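Chemist: The following block contains the structure, expressed as C-alpha cells.
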Amino acid sequence: MATYLTVTGGLEDVKLHAVPCHIHYDGKANISQYFESNSRKSVEAMTASFRGRPLKGEVINVPHGYTGLVVKETRKAVTEDEDRHLTTINKFKEINYWNLDRTPCEDDKMKQALHWLDLAKVLHQPLEDESSQKSTVGN
Amino acid sequence: MDQTKYEEDNSKNCVLDSPVPACAKSEPCYLGIDEAGRGPVLGPMVYGICYSPVSMKEKFGEMGFADSKTLTEEQREKIFERMDKETDTLLGWVVEILSPTYISNSMLSRTKYNLNALSHDCAIRLIQNALDKGVHVTEVYVDTVGDPVKYQTKLKLLFPEIDITVAKKADSLYPIVGAASICAKVCRDKAVKSWVFSEGITMAEDTSYGSGYPGDPNTKKFMNDKLDKVFGYPQFVRFGWSTASQLIEKQGYPAEWVEVLEKTKVGIVE
C-alpha cells in the first residue's frame with residue numbers, strides 16, 4: 001500500500017483546534033460562535049469549555065521549516081492493501097492544543113510527536129566522517 | 001443591582017457588593033446567607049449575604065423581609081431598592097454570581113466537584129469576604145444545603161469565633177436570611193433576564209426562559225431550539241444537568257473523550 005498526497009497551490013491558512021474528544025462528525029462547525037467565544041487566553045493559561053468540560057490549552061507552533069497541512073481522503077480505501085489518495089485542503093502555522101482539565105505538558109502525545117521531527121533530523125543527517133571520528137576519539 | 005462587572009465576562013464568577021456601613025465595623029453584626037437558582041438548568045446560581053448590627057434588629061425587621069419565595073419578582077425588587085438605600089446606616093450585602101460555565105466545568109471536571117461542596121465553599125468565601133471588609137460578624141444564619149448538622153460543623157470549624165446556626169427554611173425563620181435571599185434572587189433574576197449570549201444568539205424581546213426546570217414548556221423550547229449538534233449548548237446552559245446531557249446525547253453528534261477511550265482499551269487488554 002502506498003499513500004499519495006496531492007498538494008494544491010494557493011492554500012489558505014486556517015485556525016486549528018485539537019480537542020481531546022472524538023466527535024463523530026466531519027464537516028463545518030460553528031467554532032467561533034460556540035467555542036472561541038468562551039475560550040480565554042491570559043499570560044498564565046489558555047482555557048475553554050467544550051460540552052461543559054473544562055479544557056486547558058497551549059499554542060503549539062509548527063516547527064520551522066515545516067508546513068502544517070489539512071488533508072482530505074477523497075475516496076476511503078476499503079482494504080488495507082489499497083493505495084490511499086490524500087489531497088490538501090488547507091494549511092496552518094500553529095495548533096491550538098487542548099487537554100481535558102489538565103495543563104499541556106511534555107508527556108502529551110502531540111508534543112512527543114513533534115519531538116520526533118528533531119530526532120528524525122539528527123538520525124537522517126549524513127554523518128561527516130571527520131566529526132564522527134572526533135567524537136569517537138573524544139577529547 | 002448594577003451587574004456591569006459580571007456582564008463583562010459572564011462565563012466567569014463575579015462578586016458584587018454594597019458599601020460597608022460604619023456601624024457594621026464598630027458593632028457586633030449578624031449575617032444571613034442564602035442562594036438562588038440552584039435547581040434550574042439555565043443561568044447562573046447566585047449566593048447572597050446580608051449583614052446588620054445586632055442592636056438594630058428591630059429596625060431591620062421593619063424592612064419587611066418575609067420569606068422571599070412568597071414574594072413576587074416586583075415586590076422583591078422594591079424591597080431590594082429600599083435595602084440598597086440603607087447601606088450607609090443599617091445593612092450591607094454581598095453576592096457572588098457563579099456562572100453556568102463555572103458550574104458546568106466544576107461538575108464535569110476531572111475530580112468531580114459537586115453542587116453541595118460548591119455551595120458550601122461559596123458560603124464560606126462570602127463570610128470571609130465580610131470579615132475581610134472589616135464587618136464585625138458575631139452570628140451567622142444559613143439556609144442549609146445538604147445535611148444541616150454536617151454543614152454547621154464544617155462552618156464552626158472554619159469560624160470558631162462566630163455563633164453559627166444552620167437551619168432548613170432559614171429564609172422564613174430569620175429576616176436576615178430572608179434579606180440575603182432577596183439579594184440573591186434579585187441578582188439571579190436580573191442576570192437571567194439580561195443574559196447576553198457570547199455566542200451571538202439573540203432572543204425575541206418577550207422571550208421567557210421559563211423557570212429553568214425541565215418540565216417548564218418555555219425551558220423545554222429553549223433546550224430544543226438552541227442545541228448545536230457539535231458543541232451542545234451556549235454557555236447559558238449547565239451541562240452537568242441530566243436534562244442537558246440527555247438532549248445532547250439524543251440529538252447531538254456522538255462524542256467520545258479520548259481518555260475514556262484509553263481506559264476502555266486497557267479494559268479489553270485485561
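One is the number of the first residue shown, and numbering goes on along the chain from there.
Cβ from N, Cα, C; glycine included.
As listed in TrEMBL for this protein:
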type    : residues                   : note
BINDING : B:ASP34, B:GLU35, B:ASP143 : divalent metal cation binding site
DOMAIN  : B:28-253                   : domain 'RNase H type-2'
Chemist: May I have the list of same-chain residues other than B:ASP34, B:GLU35, B:ASP143 whose Cβ is within 8 Å of the Cβ centroid of the recorded divalent metal cation site, in sequence order?
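Modeler: Near the divalent metal cation site, beyond B:ASP34, B:GLU35, B:ASP143, sit B:ILE33, B:ALA36, B:TYR47, B:GLY48, B:VAL142, B:VAL145, B:ALA170, B:ASP171, B:VAL177, B:ALA180, B:SER181, B:ALA184.
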Chemist: Other than its own, how many Cβ atoms are within 10 Å of the Cβ belonging to B:ASP34 (divalent metal cation binding site)?
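Modeler: Result for B:ASP34 (divalent metal cation binding site): 28 neighbouring Cβ atoms inside 10 Å.
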Chemist: Per-residue pLDDT averaged over the domain 'RNase H type-2' (B:28-253) comes to what?
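Modeler: Per the prediction, mean pLDDT sits at 93 for the domain 'RNase H type-2' (B:28-253).
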Chemist: Around B:ASP143 (divalent metal cation binding site), how many other CB atoms lie within 10 A of its CB?
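Modeler: Taking all protein chains shown, B:ASP143 (divalent metal cation binding site) has 25 Cβ neighbours within 10 Å.
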Chemist: In the three-state scheme derived from DSSP, which category covers B:ASP143 (divalent metal cation binding site)?
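Modeler: Note: B:ASP143 (divalent metal cation binding site) is in a strand by DSSP.
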Chemist: Return the residues near B:GLU35 (divalent metal cation binding site), defined as same-chain residues 6+ apart in sequence whose C-beta is under 8 angstroms from its C-beta, sorted by sequence, else 'none'.
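Modeler: In sequence order, the residues whose Cβ lies under 8 Å from that of B:GLU35 (divalent metal cation binding site) (at least 6 apart) are B:MET45, B:VAL46, B:TYR47, B:GLY48, B:SER119, B:CYS122, B:ASP143, B:VAL145, B:ALA184.
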